[in-house]
Amino acid sequence: MVDSQYYLPNDIGVSALDCTEAFRLLSNKEKMYSHYLSRAAWYGGLAVLLQTSPESAKIFVLLQKIFRKQTPAQLEQVATAAGLSPEEYQAFLVYAAGLYANMGNYKSFGDTKFIPNLPKDKLKALVKASQAFQDQPAEMEALWDSCSCLLFSLEDRQKQLGLGDKGITTYFSGNCSLEDAELAQKFLDSKKLSAYNTRLFKREKEGKACYEVRLASAVQKDCAVEGECETNCGSFNFEDKEFTVKRGDYAPLMEKVSFYLQKAQAYAANENQRKMLEEYARSFTLGSVDAHKEGSRYWIKDKGPIVESYIGFIESYRDPFGSRGEFEGFIAVVNKAMSERFAKLVSSAEVLLPELPWPKEFEKDTFLKPDFTSLDVLTFAGSGIPAGINIPNYDDIRQSEGFKNVSLGNVLSVAYATQKEKLTFLQEEDKDLFIKWKGPSFEVQVGLHELLGHGSGKLFVQDDEGKFNFDKSKVTNPETGEPVTSWYHGSETWDSKFSTIASSYEECRAECVGLYLCLIKKVLSIFGNEGQDAEDVVYINWLSMVRAGLLGLEFYTPESKSWRQAHMQARFVILRVLLEAGEGLVGLEELTGPDGKPDAQITLDRSKIHTVGKDAIHRFLCKLQVLKATADVEGGRALYDGYSTVSEGGPHNFMRLRETVLLRKEARKMFVQANTNINGDSVELKEYEGSAAGLICSFTERFQDDAEKLEADLLDLCKKDFPCWC
């Protein structure tokens with residue numbers, strides 16, 4: 001029997017993201033703009049297959065070829081004739097839908113591999129009986145042979161994403177270690193190059209290690225081309241090692257992205273949007289993060305657009321080193337009613353920021369009021385869809401020029417809907433309250449987390465000219481009472497300094513800000529919660545957080561003592577902090593469930609949230625910010641790794657609790673997204689049913705215009721680098 005964490009259950013939740021009304025209200029020009037941006041996002045999103053595992057793109061192509069010839073309904077008869085039971089065929093559909101939804105065969109939330117929940121010989125029989133195989137037997141046989149072993153393999157290293165012997169990653173060639181990643185980061189810093197759009201390949205040459213830094217770009221020439229003064233490409237000697245910077249990673253995909261961004265320019269609503277798209281297209285054409293940063297500056301200036309979007313190599317959660325960005329692109333329509341609440345929160349920000357528990361010197365000199373809008377997603381391409389986003393991730397832009405916050409309303413409304421019978425680890429009397437207030441409390445938490453969590457806090461920096469952005473002679477460390485002795489230098493960033501813990505640490509800081517500021521009545525009232533309702537929202541927000549901390553144990557790998565999901569690690573850390581606070585604030589008890597199997601129950605004393613709870617978060621949050629601001633990597637690691645430890649000893653046996661969590665876990669929902677098509681002078685929206693079959697059909701139809709060339713390009717990209725992981 002395969003451990004259930006390595007396959008997706010047949011009854012996994014699949015929901016359609018509803019954007020019909022939002023799309024209907026757009027003008028024809030806005031629909032055209034949305035359509036071309038969506039095309040750019042979907043093609044770019046395919047790069048995630050190549051960023052996830054060596055076999056992901058091959059599996060994607062295999063599925064596309066099968067489903068382009070026969071729909072899931074048509075293939076069902078073939079499956080029955082090939083000897084598959086209805087359950088086995090459903091397991092195949094769920095696997096295919098999972099691969100599409102995660103853009104690879106590793107879960108986007110948790111980074112564990114998932115394999116088909118049916119015997120390999122049954123899947124092989126289905127592939128061989130398919131129309132695609134009948135039409136092109138030699139090609140399909142070769143494709144199956146090239147990916148079938150890895151498709152089912154659960155060797156220890158292949159069970160999760162990771163660097164070196166800890167897991168699989170295609171951000172680095174298979175022979176790279178953490179030491180290689182650190183050396184490459186130093187090299188990139190020395191060249192003032194961002195790692196966001198890069199991958200690292202190591203090879204031996206005459207017994208000496210040589211490194212290739214590959215930039216994502218449509219252009220494959222390494223010399224300066226039209227539109228460039230100079231190029232970052234070339235060979236360099238660094239610390240007695242040879243580094244070569246080359247272009248052309250994901251070239252055919254980046255070419256498509258640039259092409260559709262240029263098409264969208266004709267429908268831009270204003271000059272900021274037009275220049276933004278021009279810079280983005282330049283970024284993906286030339287492999288330039290600087291051009292992407294320039295595009296992001298125009299994006300920040302584009303205040304309150306009807307159609308909001310962002311695209312690029314953005315989040316670094318899945319790079320084991322924490323510096324390289326996964327491709328994502330979203331296009332969404334503003335939800336005006338919900339956005340009004342967030343606008344009120346933004347206008348209260350300057351009153352709320354001083355409430356945070358660090359001295360004013362540790363806060364940004366001026367709060368750059370961001371756009372904060374609620375959006376209904378039309379397209380979200382990448383490995384998964386979050387509930388809220390705070391971008392850009394470029395520290396220098398965020399600190400001095402600003403950022404934007406978005407909350408994804410139509411994602412929130414379906415992602416966190418919960419059935420009472422599936423609510424684990426809560427007291428019976430908490431369950432109805434939890435179901436009633438989970439949505440409203442999460443809305444408050446997302447707002448605070450994105451705006452005042454990620455949007456707050458200063459980084460102390462000494463620039464290349466030696467100038468400080470703080471008064472070194474006056475600023476003292478509130479934890480020690482001594483002058484500040486460390487800071488960021490030149491091109492160092494939060495991600496490059498704190499690397500492997502940066503993402504989770506920052507998520508933890510933002511989550512703590514949400515817990516801390518939701519205690520303020522004014523905040524609750526902005527979201528329409530008063531009196532007893534407001535108290536219930538606070539209680540459920542805090543209860544959700546400690547329950548999420550327990551659920552987070554699913555995302556811990558004991559064998560490598562590592563966490564696979566930044567947010568869930570952050571929530572476990574917060575659970576540990578609140579348990580440590582004592583005085584009966586949080587209770588965590590192991591027990592036997594009604595089914596006779598191990599269970600657990602988590603409780604929260606609501607009368608102590610404003611006292612014991614608030615004090616604990618106050619102390620911890622201040623430490624997090626001070627260590628971050630002062631670039632104290634050693635102190636930050638000691639604090640964060642300490643609370644992240646999953647032990648068997650002490651008052652709580654977290655290793656045993658992890659087994660209970662795995663026993664009772666619920667699979668994360670998958671989303672089905674619509675497609676847009678041009679018909680004459682207008683754009684049509686095509687939606688699909690919320691099922692595994694609907695999700696499959698949406699992907700098959702998404703790339704039908706140039707399916708064969710696209711599939712050939714993906715296989716070529718795979719083939720070129722496949723030896724790097726064999």
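Cβ from N, Cα, C; glycine included.
What TrEMBL says about this protein:
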{"type": "BINDING", "residues": "H449, H454, E507", "note": "Zn(2+) binding site"}
{"type": "ACT_SITE", "residues": "E450", "note": "active site"}
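Structural mapping of features recorded in TrEMBL.
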{"residue": "H449", "record": "Zn(2+) binding site", "Cβ within 10 Å": "28"}
{"residue": "E450", "record": "active site", "Cβ within 10 Å": "28"}
{"residue": "H454", "record": "Zn(2+) binding site", "Cβ within 10 Å": "21"}
{"residue": "E507", "record": "Zn(2+) binding site", "Cβ within 10 Å": "22"}
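Excluding H449, H454, E507 themselves, the residues of that chain whose CB lies within 8 A of the CB mean position for the Zn(2+) site are, in sequence, N390, E450, G453, E506, R509, A510, E511, V513, G514. You'll find the Cα of E507 (Zn(2+) binding site) roughly 10 Å from the Cα of E450 (active site).
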